[in-house]
Amino acid sequence: MSVKPSWGPGPSEGVTAVPTSDLGEIHNWTELLDLFNHTLSECHVELSQSTKRVVLFALYLAMFVVGLVENLLVICVNWRGSGRAGLMNLYILNMAIADLGIVLSLPVWMLEVTLDYTWLWGSFSCRFTHYFYFVNMYSSIFFLVCLSVDRYVTLTSASPSWQRYQHRVRRAMCAGIWVLSAIIPLPEVVHIQLVEGPEPMCLFMAPFETYSTWALAVALSTTILGFLLPFPLITVFNVLTACRLRQPGQPKSRRHCLLLCAYVAVFVMCWLPYHVTLLLLTLHGTHISLHCHLVHLLYFFYDVIDCFSMLHCVINPILYNFLSPHFRGRLLNAVVHYLPKDQTKAGTCASSSSCSTQHSIIITKGDSQPAAAAPHPEPSLSFQAHHLLPNTSPISPTQPLTPS
C-alpha cells in the first residue's frame, strides 16, 4: 500500500473534471486545488467511509497477525534446514523474507487508512516505509517467477552442468533479485514527499509541469514489472510443468496439475484487479474519460483492492509450505527440538528424507548422474499438494489531492 493514484485533472471525491482550457491557467498545486474547490459536483455517490475504515482496519490487523506467525515459522524451519535445503527452498526462504517485510509494513498502512491518510511519522519514514514496501513487493513477485521457471527446468533438464551448478545459479538469482528490487522503486520514491499542513500527508509529488507524465510512467512501470512480465512467465512455465506431469487415469497426477493451475489463478486474482484499477485512475482525465460514478467507485474501493492484493503474504506460506507433508514434518521436528528431551523421540523423523523441507510439488531426478546410454532419463516425481498466490501490497497510485 502506498499513495493512492492521482486524479490529476480528473475528478476526485465529489469534484468534476476541469476543462483542459482552464488548466492552461494553472501554474502550481495551490492554484489547481483552488480551482477544484470551486468546481461543482455533477454526480454524487453515497458511500460510507467510516465503514470502509473499520473493515480495512480489521483486514490489515488479521493479515498482520496471521502473516507474521506464518512467515516467521517458514523462515525458521527453512533456515534451520538450509544446510541440506531441498530443490526450491532457497527461493521459498527468500520469498518468505520478502513477504515478512510486507507484513511488517501493514501496521503503518492500517493506521494511515484509519486516519484518512494523515501521516504522523515524519518525512524520513514517509519515503523509507514506501521504499521498504516496494522492495519486498517486487522481490516476492520475482521469487515466485523463479520458482515457476526453476521447477520446470529441474524437471526437464538432464544436463550434468545444471545438476552441478544449479545451487550457484539459484544463489546468484536470489542476490540479483534483491538488487533489482532495490533499484526499481527509486524513481517513484524520490518524488514521495511529506506535504505539511493541518493534516500532513505522504504524497507522490512529481514536478507540477510533468506530473501527468511521471504518474503515468510510474503506473506503467509498476504494471509491466509487477504483472505483465511475471504473469506470462508464471503461466507458461506452470502450464508446461502441468503438461509434463499429466498422466491420464492417475488421480494424483490430475490433482497436481490442478494445483499448478491454481498457482496461476491465485496470482491473477491477487494482482489483476489492483493493476486494472491503478491504470484506470492514472489514465483518467488525461488519456481516457470515465463516467464520474465509476471514478467515485474506483477511488472508494481502491483501498480495499489494494488491501486484498496483499493477501499473497498470508497465502504464500500456506501454499508453498504448510500444505507440504515434508514441511509439516520439519515444523514438528523444530517444535519437538525445544521440548524436554524425553518427549522428543515421538516427534523425530524416521529418516532425513522424510524431514526435508521441500516445495509442495517436489521434483527429483531418478539418478544423480545421467546414464551414458540414456541421455534423457525420465524424471522420477514425488509430490505434495499446495496452492499459490503472489504481491504486494501494491504500489499505490498517487493520492488524490483533496484540500483539508
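Cβ atoms are placed via backbone N, Cα and C, with glycine included.
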Of the candidates Cys126, Cys146, Cys261, Cys270, the one Swiss-Prot records in a disulfide with Cys202 is Cys126
Check your understanding: Any idea if Trp119 and Leu194 are on the same membrane side according to Swiss-Prot?
Key -> yes
If you tally other C-beta atoms within 10 angstroms for each of the disulfide-bonded residues Cys126, Cys202, the top scorer is Cys202
In DSSP terms, the topological domain 'Cytoplasmic' (240-258) comprises 14 helix, 0 strand, 5 coil
| query | So, do the transmembrane segment (128-149) and the transmembrane segment (58-79) meet, by the test of 3 or more Cβ pairs under 8 Å (sequence gap 6 or more)? | reply | no
In the three-state DSSP scheme, Cys126 (disulfide bond) belongs to helix
Best-packed against the transmembrane segment (259-280), counting Cβ pairs under 8 Å over 58-79, 91-113, 171-193, 300-320, is stretch 300-320
For Cys202 (disulfide bond), the three-state DSSP class is strand
Contact set of the transmembrane segment (171-193) with the rest of its chain, CB cutoff 8 A exclusive, min separation 6+ beyond the ends, reads 2-3, 90-91, 94, 123, 126-127, 130-131, 134-136, 138-139, 142-143, 146, 202-206, 214, 217-218, 221, 225, 395
